[in-house]
Amino acid sequence: MTARRLINIVPNTSKLDPLKEEDSTHLKQNQPKKFSTKELMLSEYTERKSCSLPLSKSRSGSSASSSTTGSNGKNIGTRRPSSNLDFNFASQDVVKNVLGNNNPHVPTAKCIRPISDDSIGTSSTEIFSSSHSNTTSDSLCTSDISSEEGEIANSKMEDNCFFKSMREADHRSNITPLKKSRPGSILQKTRTASSADKTICSMSTITTCIPSRQNSVSTPKLSRTVGLPGSSNTTNSIAASQTSFISENDSPLKHHCMSTATIQEPKLMPITKTPYVHSNSTSVILPYKTTQLTPSQRYRLRKEQNDQSLRKAIKMKEKFYEDQDVNLELQEGDVDGSLIWNIPMASLSTSSFLTLSKFNRKEMSLDSARGDEEILIQENNCEGKQHSSSALCVDKTFHQVHSTRKHTSNSSNTLKESCLDYKELPPTCIPGISPVSDSQYIQDTMKNLSQIYLHSSEKISKSILSGRSRSVQSLPLEFKEASSQGMEDLMLVSEDKLKAVSHFRPSWLPPKDFKERKLQDKQIYKNIDLASMEELQKNKERDEKAKKNEQNKVKFQHLLDRGITRNSSLSELKKIIWETPLISKVRLQIYSQLLQSDNCLITKCFIESFEEVMQLLNKMDFPKDKEFEIRQLIEHDVQEKVFYKNGTDKQVVSDLMLLLQLKSISQQGLVTGDEMLFYHFLTDQSFGTLKETWEMVNLIQMTCFSEICKEKYDSRILNPRGIVAHLLRKDEFKNEFNGGCLNSNTWWNILQRMDHKLFMWVMDVIIVHNGQNFANYPVKMEIFKDKVWEYYRSKKVIVNYKILVSLTVNVLLNYHFGYDNLKHLSDLDDKHFCIPLYTEDSIEEENLNNIFTKWWLHYYRKLR
């Protein structure tokens, strides 16, 4: 039975001696009740006052009209909490008038403002009310006096006897811990047995409200008061609930309880549902999740929940801490056990054949499964014969039924899941039934189990070896090569070893760590993917480039037919020449029309004819020293350079010798670059005869590399305020930014290190950007027929030195490696030194040439 707390409340009109009160308590339990005249008058006054209180009140504005007025003339229902003090004074005056002024035990009321439950109440404390809104107002209106006395007494309590068990209440029926209280009220806490005549009013309330919150009330964590754990708040709520219960039930029983319990007997206050009453403990609000919480309560609730979750997480980490660091015990010094590589590796050891995770039947082939089943059947027959003597003690019918059921239900599962052949285990004798001793029973069982273990281990070893022998042919090539060299036994190669050995490392070397191997393989595969993507992109660009070249070749012929010297044709030609070089069929014709128009004025008027110079050479005896110089020039500037092919026809060398001799005896004489121009034009299919080569080389030297162009090149490239000085404003070019390294002669050193295709492409670009619009500004033979070359050059020759300067800047910024400066570039002994790079692959060579021309175009646009 749940312990009930009986609180005796002595009226504040009397002051009892503690000893006398104990005696009176014992007498009241055994004697009938007697009332004096003063006591009857006080009970009648109390009854009228309680009857005048309203049954229920709402917190709305209409509560003022429905409230009644007590005998003292004050409105109790609508008064403020601070008015309780005046109400107490009025009550004391009435009591003094009834009992008389001679009573020395009448206490003096202390002016303490009562504590209102409205400021901290979080849920209803009323039991029988129909609406929730009336709960707080009713309990406040009817329990002002009792709540004042309860709050004052709560501050003076020392011991809370309510939470003691019923067993102590039986042995100690009357325990009244007293303490001097403040003047105004005395609170006595007494434990008594249940009396029907004393608690007829309050027992029903207690039995109604105790079962709902029995566990929470019995827990001392529900309220905390300094020095009084869980006592004051419970007493206050009990007083408020019982007063509310009495005021709401207007019956004779109520009047009887009011008259008897108010004056003579202590009030029994019910235990009500008080989730949070004057307590700051977080544990109080945790069980009441349906209660509307204040912000501070929600904060403490979240804080408590976070602390609990953190404790659980720490507890789980501490629980599994040892399992996470098991591998640390395997380390010896600085060497991890996983890096021990010189021990033969096998998938299953002799002690691990019982584990099911490492042995997977599904990886075995159908033939091996059938072979294992045949071996299993044969050995089962042998084992059955050997253990026939021990099986006689068991019922044959049970053995047949059990073995058949076991074989039919577990045969497939045993082969797939278990490494042990449990059906090979013979039925053992039953101790106590079969005539077999305990020692014999244990020996037979151990013998049978040992045979099963040995047989299972042998069978697994045979199956693994047979599987390895069949998978020898499917091993990687690295293992086969190692086996042929005597470094590997293919029968010892297991799946674990296949996983440990990397394909990028020989099998006889120590295996890499798993994480390292995984990381390196990932990086290798990533680089391979990038390389493959780059190669695919290059192939795509190469295909697009081939299509573009075919289109440009068609455009060349179309522009030539339309008129290459037109302004529109010339502008379009200057665009596509950076993408595709001129083809051999149209190169000679385009060169001639762009530099001297269709009438070939320069060739006819200002260049010596090939026949005249040839006749002059045949008539004269060419000087030997001059011939020696020409041979040295061919060997140094042609045969030792990258563009010279070892399989070059000797006729080309002899023709080059002849053309250089002719040039040396002509009016212009030998100039820088003649040997390279003659050699490349002789080896190219664009120029068929020596005459065409002679005329074209002289035409290019007189127009594109004239004296005026060379002078501008030498002066502008060294201009400290020019774009070249801005681009070359680096410490690396400090020693070569001078006239000795940067001039028109060293410019030809760049062309010495280019192959034939790039050299011809460079000539195409230079000639196209030196072309003139002869369609709009034609050249008339009559005007310049009798004029000197200098006059014609000043009128009709374009000096485009920027195309030469941009080529120099491109080489210095992007291809300046392997040499100190352009002057020393011609003295390099490496024949394979090439600009941009040396390669024998024609596809790669074309790609490099495209990149070179793109950079050249970039710097040319900056200089324009």
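Even glycines carry a Cβ here, placed using N, Cα and C.
Annotated region 'Disordered' per Swiss-Prot: 16-84 (among others), in sequence order.
According to Swiss-Prot, the compositional bias 'Basic and acidic residues' annotation covers 17-26.
Among the features that Swiss-Prot reports, compositional bias 'Low complexity' is placed at 51-71 (among others).
Annotated compositional bias 'Polar residues' per Swiss-Prot: 72-84 (among others), in sequence order.
Here Swiss-Prot flags S82 (among others) as phosphoserine, drawing on similarity to another entry.
Residues annotated as phosphoserine in Swiss-Prot: S83 (among others).
Sequence annotations record features per position, and here Swiss-Prot assigns region 'Disordered' to 123-142 (among others).
The feature compositional bias 'Low complexity' is assigned by Swiss-Prot to 123-139 (among others).
Per Swiss-Prot, region 'Disordered' is recorded for 213-235 (among others).
For 213-222 (among others), the entry in Swiss-Prot reads compositional bias 'Polar residues'.
According to Swiss-Prot, the phosphoserine annotation covers S450 (among others), on the basis of similarity to another entry. The Cβ of S450 (phosphoserine) lies under 8 Å from the Cβ of no residue that is in the same chain and 6 or more residues away along the sequence. Annotation note: S450 (phosphoserine) sits in a helical segment as assigned by DSSP.
The phosphoserine annotation in Swiss-Prot covers S532 (among others), and the record cites similarity to another entry as its basis. Mapped onto three states, the DSSP output places S532 (phosphoserine) in helix.
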Cβ atoms near S532 (phosphoserine) (within 10 Å, other residues, all chains): 10
